[in-house]
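Shown next, in structure tokens, is the structure this report addresses.
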Amino acid sequence: MPGVVSWSQLVNPSYVAILPHLIVTATLLVVIVLDAYFKEKRSLVWVTLGGVVLAMLSIWYTASDPQIQAGIAAGRPPEFWGGMIIADGFTFFMNGVLLGIAALVILLSADYVGKFLRGAHMEFYEIILAVTLGMMFMVSSRDLLTIYIGLELTSISSYVLAGILRKDAKSNEAALKYFLTGATASAVLLFGLSLIYGVTGSTRLPEVAAALAGGSHVVAAAGPALTPLLVAGMAFLMVGFGFKVAAVPVHQWAPDVYEGAPTPVTAFFSAGPKGAAMAAILRVFVGGLGVAPFTDKWALIWALAAAASMTVGNLVALQQTNIKRMMAYSSIAQAGYILVGVAASGLQSVEGISSVLFYVMAYAVTNLGIFAVLTHMDQEGGWVEVDNYAGLAKRNPLYAWALLLFFVSLIGIPPTVGFLGKFFLFRAAAASGYLWLAVLMAVNSVISVGYYYRVVKVMFLDQSDYPALTPSTGISATVLLSLLGVVALTIFANPFVQWTAQSAALLH
């Protein structure tokens, strides 16, 4: 429109790539300063939430700018640090999802933090912002080093977050276990990155892909070849990233950390870092290592990891009586489902990537709704056993019916968004030649009915002497927003499917 100044005219295009990161960083600094001067800490929660929402709005406004859209379509998206950070459709989508996760966690945790973290009230939100910033760098990076830096910012902040209940033995144990295993996984990942650099002579993903496609000083000059160094580098990368998403066989940390960490922290871990790590896997393996004959090799390994994660996660979840441990193993199984799309992206890249993006979004909004209820139950009476949910349909009908819908979605029963997500994963796997993996995914979905049904049966059929729950505005709002998200993604799925397909097609 005449007279309307576009976003790209106001801001240097190179800064557009990190504008949401700058807003989150500024929010973090503002909260730290205000924390030192304000005695009323609870009001600062809304400052934190406002900064995250502002960062989300900046993504929407930037992504809708015609000049930026034209640049992305022409293969010239806004870049920063010489192309190490990039603002393409994939970046916009994943940053929007991650900021949405952070916003919901901030909202659901307000009462819990006020009750249990009086001595570290604002530290909790400051660390949430730091983790969010690290995740955003992970998904925005087109360089192995910046991906690793983002991952380490995420990981180190997460270790602190897991142990933020300083006087709680389980929280301290969770932090220690997470730190020891996470530091080892980070070292393995860094070693893998160094081997990839040694093979290709670059840490920039486009240059890595070009070197592998055309030969380098280590890869045979006659063409691409699987050298021992390259195989070792890919293997170490898979182990490191597999740990971050809690994929079998490097999943053992997840149940203990999920159980011991504060419930809002567990909610954050189950959706945020997992989604960011999945996006980083796509960046590295599709954007850097997505060159024949390498794709079919790493795709098969991810397919095997997906199969193991689905099966182990669901089978062990059947045996759990602690609902946080049950959801930890459910999260491992969900990671397996998402890895089906990662495996499919090796041969059907656009459809595979699109299915991963859609499922990450659907899983995040569903899982956060579940953990919002779990958070209220924990803060109300330390109720973390499945039996503690007896009679919840009478104690709080909203929570009981919301959990029922969320469980139905995670199982993948039509017509929920969970069914749509699994259908897209199934279709991508079948199109890539992994029909056996698609069938195994369907079988595992049936297995998962067992442990979800146990909770539903306790909520609706068992009698209880537990009192009614004290109202919590933040948690109730989170449950309602999650319900709205699940319903909206189910009824109005087509725009979101198109959005994920466009983001997948523009992955650089």
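Glycine residues also receive a Cβ, built from the backbone N, Cα and C atoms like all the rest.
Computed from a predicted structure; not experimentally measured.
Panel annotation: around the transmembrane segment (43-63), residues 7, 16, 19-20, 23-24, 26-28, 30-31, 34-35, 69, 87, 89, 92, 95-96, 99-100, 102-103, 106-107, 110, 113, 122, 125, 128-129, 132 of the same chain, lying at least six beyond its termini, place a Cβ under 8 Å from a Cβ of the stretch. Under the heading transmembrane segment, Swiss-Prot lists 43-63 (among others), citing sequence analysis as support.
Feature annotation from Swiss-Prot assigns transmembrane segment to 119-139 (among others).
Here Swiss-Prot flags 144-164 (among others) as transmembrane segment.
Positions annotated as transmembrane segment by Swiss-Prot: 179-199 (among others). Sequence-distant neighbours of the transmembrane segment (179-199) (same chain, 6+ residues past either end, Cβ-Cβ under 8 Å): 144-145, 148, 151-152, 155, 158-159, 208, 211-212, 216, 218-219, 227, 229-230, 232-241, 243-244, 250, 252-253, 288-289.
According to Swiss-Prot, the transmembrane segment annotation covers 223-243 (among others). Sequence-remote contacts of a segment are chain residues at least 6 beyond its ends whose Cβ falls under 8 Å from one of its Cβ atoms, and for the transmembrane segment (223-243) they are 181-182, 185-186, 188-196, 198-199, 212-215, 250, 253, 277, 280-281, 284-285, 289, 291-294, 297-298, 301-302, 305.
For 275-295 (among others), the entry in Swiss-Prot reads transmembrane segment, with the evidence type sequence analysis. Remote same-chain partners of the transmembrane segment (275-295), defined as residues 6 or more beyond its termini with a Cβ less than 8 Å from a stretch Cβ, comprise 90, 94, 97-98, 101, 134-136, 138-139, 141-142, 144, 147, 150-151, 154, 196, 205-206, 208-209, 212-213, 224, 226, 230, 234, 237, 241, 244-245, 302, 335, 338, 342, 345-347, 349, 353, 356, 360, 363-364, 507-508.
Residues or ranges marked as transmembrane segment in Swiss-Prot (evidence: sequence analysis): 298-318 (among others).
According to Swiss-Prot, the feature transmembrane segment maps to 327-347 (among others), an assignment based on sequence analysis. Using a Cβ-Cβ cut-off under 8 Å and counting only residues 6 or more beyond its ends in the same chain, the transmembrane segment (327-347) has close neighbours at 245-248, 251, 254-255, 257-259, 266, 270, 274, 278, 281-282, 285-286, 290, 295-296, 298-300, 302-303, 305-314, 316-317, 320, 353, 355-356, 359-360, 363, 367, 370-371, 374, 410, 421-422, 424-426, 428-429, 431-434, 437-438, 441, 444, 448, 451.
Note on the transmembrane segment (353-373): residues 90, 93-94, 97, 100-101, 104-105, 108, 263-264, 266-267, 270-272, 275, 278-279, 282, 286, 327, 331, 334, 337-338, 340-342, 344-345, 399, 402-403, 406-407, 409-410, 417-418, 420-422, 424-425, 427-428, 475, 478-479, 482-483, 485-486, 489, 496-497, 500-501, 503-504, 507 of its chain, located 6 or more positions outside it, place their CB under 8 angstroms from a CB of the stretch. According to Swiss-Prot, the transmembrane segment annotation covers 353-373 (among others), on the basis of sequence analysis.
Residues 330, 334, 358, 362-363, 365-367, 369-370, 373, 392-393, 445, 448-449, 452, 455-456, 459-460, 479, 482-483, 486, 489-490, 493, 497 of the same chain lie 6+ residues outside the transmembrane segment (400-420) yet bring a C-beta within less than 8 angstroms of a C-beta in it. Marked as transmembrane segment by Swiss-Prot: 400-420 (among others).
The transmembrane segment annotation in Swiss-Prot covers 433-455 (among others).
According to Swiss-Prot, the transmembrane segment annotation covers 473-493 (among others). Long-range contacts of the transmembrane segment (473-493) within the same chain, counting only residues at least 6 positions beyond its ends with a Cβ under 8 Å from a Cβ of the stretch, are 104, 107-111, 361-362, 365-366, 368-369, 372-373, 375-376, 398-399, 402, 405-406, 409, 415-417, 420.
Sequence-distant contacts of the transmembrane segment (433-455) (same chain, six or more residues past either end, CB-CB distance under 8 Å): 303, 306-307, 310-311, 314-315, 317-318, 320, 323, 326, 330, 333, 336-337, 340, 343-344, 347, 386, 389, 403, 407, 410-412, 422, 425-427.
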